[in-house]
Amino acid sequence: MFATKILRNAQSIKNELPHREVVKMAYDLHKPRSTAIRNLNENHEEPILFMHGIFGSKKSYVQDSKLISSATHTPVYTIDLRNHGESAHAQPFDYATLAADVKEFCDSHKLDKVKLVGYSLGAKVSMLTALQYPELVKSAVIIDNAPIPQPQIQLFMKQYIKAMKTVLNEANISADDKDWKNKASAAMKRFLPNGVIRKNLLANLVNKPPKDFDSPVIDFGDGQIHFLNPIEQMEEMAVEDVTDWPTELTKDLVFEGPVKFIRGLKSPFITDEGYEAIQKHFPNNEFHDLNSSHDILDQRPTEYVKIINDFFNIHRYESAPDSTILGHKDHPQTQARRSHL
């Protein structure tokens, strides 16, 4: 059994992800429990799109999304980015491609004035979507990330990958093992002592795939447990692409709509360089700092949800200003308005 598993893992490394310019992303739609808006449906003119972080999914913050939907009287789409959750496994995985997937989602669902919420990986996807496709975006909440390359976080990505590959390649946990999730957590612990991080990564570990879900590189019928992400194929993409940013592509792009940045004061993600880039690309910004690490959604769940609700409710009836393409020297900097909690 163990030798067979090693062979399968060696074979899976050779399998390349298919190349797809865009994929149709899996999603869940959360509607308000009660609303004054009649006939609220999937085509409501200003829905919220909630995008998860690396190795997250549309299932990561379901209750938070429901709370946001009801508090803002707005439908919330939680989406699976490619290579996550129930969305297709495909390359490439650069930010321009991920933003193109978001545009395809908006086009296919006839959404033309969306409000974006993005955390970590999803934050960068949200920022690039707003910069490249400003006609689609009214406003955004960006949770603890900045529009710059961040090689300093590659170490975190490598640790995540090591821990997940240990489960797949060394732990030898069968799908019918009743204690499979606890054993997987124990295998990951030496690389990831933080239990919250392990819990979030393990949310993508399954002993059977979702109904009607298939992967070109994962054999879900081999009797073993698997992550829903193509981990072997994503190793380089997670380390290189996720920590990168298309600087040349965005050097002259500015989004003029309102953007709230939620920053963790103990997080390394928004540096001074990142703060300057935010002022350049998103002049109509405001900051809200939380006493948190990068894991804001787990450490300060009530606070971040309230910040999102307040921001979207305040800007609900504003018309989005025209977004333009400007050089950095051609537009005034707007001093970020900071609030602390």
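Glycine too: its Cβ is placed from the backbone N, Cα and C atoms.
Listed in Swiss-Prot for this protein:
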DOMAIN    47-301  domain 'AB hydrolase-1'
ACT_SITE  Ser120  active site, charge relay system
ACT_SITE  Asp144  active site, charge relay system
ACT_SITE  His294  active site, charge relay system
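Applying an 8 A CB threshold to same-chain residues 6+ apart, the list for Asp144 (active site, charge relay system) reads Tyr119, Ser120, Ala123, Ile262, Arg263, Gly264, Ser267, Phe269, Ile270, His294, Ile296. Ser120 (active site, charge relay system) is surrounded by 25 other CB atoms, counting those within 10 A of its CB over all protein chains shown.
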